[in-house]
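Down below is the structure, laid out as structure tokens.
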Amino acid sequence: MRLVLLGPPGAGKGTQAALLSEKLNIPHISTGDLFRANIGEGTPLGLEAKEYIDAGKLVPTDVTARMVKARLAEDDAKNGFLLDGFPRTVEQAEILAEFLKEQDQKLDGVLNFRVSEDVVVERMLARGRADDNEETIRTRMAVYRDETAPLIDHYGDAIINIEAEGEVEEINERAMKALGK
Ligand code: ADP
């Protein structure tokens with residue numbers, strides 16, 4: 001299966017993606033994780049991405065798309081993937097669609113994790129990642145509203161809504177069921 005995961009920052013996409021990846025046996029490809037790995041290794045891409053991530057802004061699309069395409073071209077992603085954190089804008093969705101079309105592939109669905117703003121702020125403050133301070137969280141929520149939320153309309157009928165408040169296992173069951181598993 002080729003799936004995209006959507007949802008506001010702090011929606012728990014990463015947690016759910018890890019579970020789904022294991023159950024569906026497809027790789028979890030997280031742009032946030034890829035960036036953080038690059039930052040940890042001090043690569044040029046990591047150095048460039050860091051200033052944007054620390055400010056809660058989107059990393060420029062050309063940099064992000066190049067990284068994602070390289071990852072999708074690896075062997076383990078040939079038969080399916082869970083994309084977490086990409087696309088985050090309509091422009092990125094168009095780049096992804098073009099990339100998949102070139103290989104005669106298409107998405108099977110877009111899981112949209114729905115949570116209230118109160119819950120996401122609470123979750124982010126609790127996990128305490130370097131970019132999880134209050135000001136950055138506010139910026140990321142605004143970026144989500146302005147740039148990412150329009151993807152819900154963009155993907156239209158491909159959207160599979162998942163209510164993402166509650167226990168991790170419970171949410172995972174909802175997602176598996178929504179996928180017919
Ligand atoms: P969260 O789900 O809490 O937003 P992520 O780990 O997905 O956290 O992303 C962390 C940061 O990485 C984002 O705030 C952004 O700066 C950068 N990033 C991740 N994905 C993208 C993307 N598709 N385009 C641009 N920047 C991105």
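Glycine residues also receive a Cβ, built from the backbone N, Cα and C atoms like all the rest.
Over in TrEMBL, the protein carries these features:
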- G10, A11, G12, K13, G14, T15, R127, G166: ATP binding site (BINDING)
- T31, R36, K57, L58, V59, G85, F86, P87, R88, Q92, R129, R140: AMP binding site (BINDING)
- 30-59: region 'NMP' (REGION)
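This view paints the features noted in TrEMBL onto the structure.
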| residue | record | contacts (Cβ under 8 Å, 6+ apart) |
| --- | --- | --- |
| G10 | ATP binding site | V115, V119, V120, V121, R123, M124, R127, I137 |
| A11 | ATP binding site | F113, R114, V115, V120, A164 |
| G12 | ATP binding site | F113, V115, R123, A164, V168, I171 |
| G14 | ATP binding site | S30, G32, D33, D84 |
| T15 | ATP binding site | V168 |
| K57 | AMP binding site | T139, V143 |
| V59 | AMP binding site | F35, E48, A49, Y52, I53 |
| R88 | AMP binding site | T31, L58, T64, V143, E147, T148, L151 |
| R129 | AMP binding site | none |
| G166 | ATP binding site | none |
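If you compare every pair of Cα atoms in G10, A11, G12, K13, G14, T15, R127, G166, the residues listed for ATP, the longest distance is 16 angstrom.
The residues of the region 'NMP' (30-59), classed with DSSP into helix (H, G, I), strand (E, B) and coil, number 23 helix, 1 strand, 6 coil. Less than 6 Å separates the Cβ from ligand 1 in the case of T31, V59, F86, R88, drawn from the binding-site residues G12, T15, T31, V59, F86, R88 in sequence order. For the pair K13 (ATP binding site) and F86 (AMP binding site), the Cα-Cα distance reads 12 Å.
The least crowded of the binding-site residues K13, T31, F86, R127, judged by other CB atoms within 10 A of its own CB, is R127. Largest Cα-to-Cα span within the AMP-binding set T31, R36, K57, L58, V59, G85, F86, P87, R88, Q92, R129, R140: 25 Å.
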